[in-house]
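Undergrad: Dropping the structure in here first, questions after.
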Amino acid sequence: TNCCSCTLEHQKSHDISSASEDRNQLTYLVTDAPPWYLCIFLAIQHCLTAFGATISIPLILSEGLCLQHDSLTQSHLINSIFFVSGLCTLLQVTFGVRLPILQGGTFSLLTPTMAMLSMPEWECPAWTRNASLVDTSSPVFKEEWQSRLRNLQGSIMVASLLQIVVGFLGVIGFLMRFIGPLTIAPTITLIGLSLFESSAAKAGTHWGISAMTTLLIILFSQYLRLIPVPVPAYNKLKKLHTSKFYIFQRISILLGIVVSWLICYILTVSDVLPSNPAHYGHLARTDVKGNVISDASWFTFPYPGQWGVPAVSLAGVFGLMAGIICSMAESMGDYYACAKLSGAPPPPRHAINRGIGVEGLGSLLAGAFGTGNGTTSFSENVAVLGITKVGSRTVILLSGVFLILMGILGKISAVFTTIPDPVVGGMFMVMFGVITATGISNLQSTDMNSSRTIFIFGFSMFSALSIPNWIVKNPGSLHTGVKEVDHVLHILLTTNMFVGGFLGFILDNTIPGTKRERGLPDREHEDVSDKFSASLELYDLPFGLTSFLSSQSWVRYVPFCPWRDRDTDGRTEDNNVMLRRGSELSSHGEIVEMR
C-alpha cells in the first residue's frame, strides 16, 4: 500500500512538473519560422510594442531643437528613426548577435542630448516658442533647428565609434569572463524598474483605460492562452477546413492594444472623453494628434546628411559617450534575456562582440541619417518573447522590414500616432514588469542562501535606486570645475542600470566566494553534448561565411568571427568555452535543445 501511494504521489508530482514545463515551453524557438500569416501578426505586434518608445524620442527632442511648433518636421524625424530602426534590426539579426532582438532609439542618449541642447549657446530663441511667430518655411527658422541637429548628428557619430571599437575589437568578449549572474541580474532588473516613471506617466493620463489595457493583456496572455480558437484553414489534403489556433497566446499584446484602441475611438467619436485639453482623460482620445496625419506626406525617403553636413560638439561627444556606455550595459543584459526567452543557449563571445559592434554601426547610421538619437536593443520587445512564447528571429526580421516601410510611408506611420497614451502606458505596465522579473530570475543559478549573494544583489539594487535619486534632486552636487567631466559623471551616476551593474561587477569579482555562490560552477572539464554544440551554430555568420572563413587560420584571432576547429568534428572551439561560461549565466540552469 505504501509502495502504491508513493508511486501515485510520484506520478502526480511528475504530471504537475510536466504541465508546468508545457506551460513555459516556447511555441517557436529562435531558428523556427512560423507560418507567413502568423509572422505578419507577430511582426506587427513587435512594431506596435516598440512604437510608443520610438515615437516619443523625436517628440521629446523637438523642444530642445526648437521644433515644438513644426509638426511636419517632427513627422520627418519620426520617419527617419523608424527607417533606421528597421535597417539596424535587419543588420543585427543577420550579421550581429543573431538573436530575435529589435533595434530602436535609446533613452540613454536622451539625457546627454538634452543637456547639450540646454547649454547657453544652443538655447532656443524666445520667438521659436511662440506659434504665431514661427514660419516653418523661413530660412532663418530652418537654420535655427538644423544647426542644432547637425551638431547633434556629428556628436552621436563620433561617440558611436567607442561602441564600434569596443565591440569589434573584442573588449566586451574579454570582460565576459568576469561577468556573472550577480552582474547581469541587477542590470536587467533595473532596466524594468528604472522605467516605472514613464510607464506611470502614460498610464496616469487615464487610469481606467490603462487598467483596461493591462487587464486585457493579462487575460489574453495568462488566462486564455491555452484556449484554442477555430479558424478557417486550407491545404491540398483537407481542402477548406477549420484549424485550432492559439490566438490569445500568440498575439495577446496586439489584441490588448487593438481592443483598447478601438474602445478609445468609440469613446472619442461619441464625445464621452473630454475634448478640452485641460481636463483629465483628454489624452485618451484618438484624435489628439490628428494633425500629424494631415501634415505627413505619403512617401518620405530618409537619407544620410538630409539636414546638411554634420558638425561636432566636444562637450556633446563626452556626454554622449557616457550614454553609449550605459546603452552597452543595457544591451548586454538584453542579449542574455533574449537568449533565455527565445530558447537559445547563452550567446558566445564572438556573437556578443558583433552585437555590440553592430549597435555601434547602428548609432553611426542613426547619426548620419539625422534621427537625433542612436540605436540599442529594445528591452520591451524582449519581454514580448516571454509573453507570446514565440522566439523566432524570422518574426523580428519581418518587423525590421515593417519598420523600414513605416519610415517610408509617412501617412501610414502617422496613423499609429493616434494610439492614446494610456493604452501605451497599460502595455508598459506588463512589459516592464516582465523585464524586471526576467532580471531577478538570473539569480536562480546562484546560492541564494549565501549572505554574500544576498549582500551583493541587495546593495547593488538599493544603491542603484538611491544614488541617482539623490543626484537628480541635487543637480549642483557634482562640480569638478571641468564641464565635460561633470556631464559624464552626472550621466553615469543618474543611470540606474550602470550604477547597479557596475557595483555588482566590482563586488562579485572582489569579494571572496565560491563558484557555486557566484552561480559559476566548475565545469571546465565537463564534456559538451553534441546536440547543444550544434544549437550554438545559430550564432554563426550567415550565408555560409563561417564555413568559408574556417579554412583560414587567421580567423581564430578575429574577435567577432566564430572559429570552428576542423579537429573537433565541426564544434566551435570558442563556443565550447562560452557554453561552459554561458550555461553558468543562464537562469534556466539547464541546456535548451534547439529544434
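One is the number of the first residue shown, and numbering goes on along the chain from there.
Even glycines carry a Cβ here, placed using N, Cα and C.
Quick paste of what TrEMBL says about this protein:
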- 35-61: transmembrane segment (TRANSMEM)
- 81-101: transmembrane segment (TRANSMEM)
- 156-175: transmembrane segment (TRANSMEM)
- 207-226: transmembrane segment (TRANSMEM)
- 247-268: transmembrane segment (TRANSMEM)
- 307-326: transmembrane segment (TRANSMEM)
- 395-416: transmembrane segment (TRANSMEM)
- 422-441: transmembrane segment (TRANSMEM)
- 453-472: transmembrane segment (TRANSMEM)
- 487-507: transmembrane segment (TRANSMEM)
Undergrad: So are the transmembrane segment (247-268) and the transmembrane segment (81-101) touching or not, going by 3+ C-beta pairs under 8 A with a sequence gap of 6 or more?
TA: no
Undergrad: Before we move on, state whether the transmembrane segment (207-226) and the transmembrane segment (422-441) share at least 3 Cβ pairs under 8 Å, counting only pairs 6 or more apart in sequence.
TA: yes
Undergrad: Quick one: find which recorded stretch in 35-61, 81-101, 156-175, 395-416, 422-441 has the most Cβ pairs under 8 Å with the transmembrane segment (307-326).
TA: 156-175
Undergrad: Of the listed stretches (81-101, 156-175, 395-416, 422-441), which one yields the highest count of Cβ-Cβ distances below 8 Å with the transmembrane segment (35-61)?
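TA: Against the transmembrane segment (35-61), the leading stretch is 395-416.
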Undergrad: May I ask for the residues of the chain that lie six or more residues beyond the transmembrane segment (395-416) and have a Cβ under 8 Å from a Cβ within it?
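TA: Long-range Cβ neighbours of the transmembrane segment (395-416): 28, 34, 39-40, 42-44, 46-48, 50-51, 55, 75, 78-90, 93-94, 100-103, 292-293, 295-302, 381.
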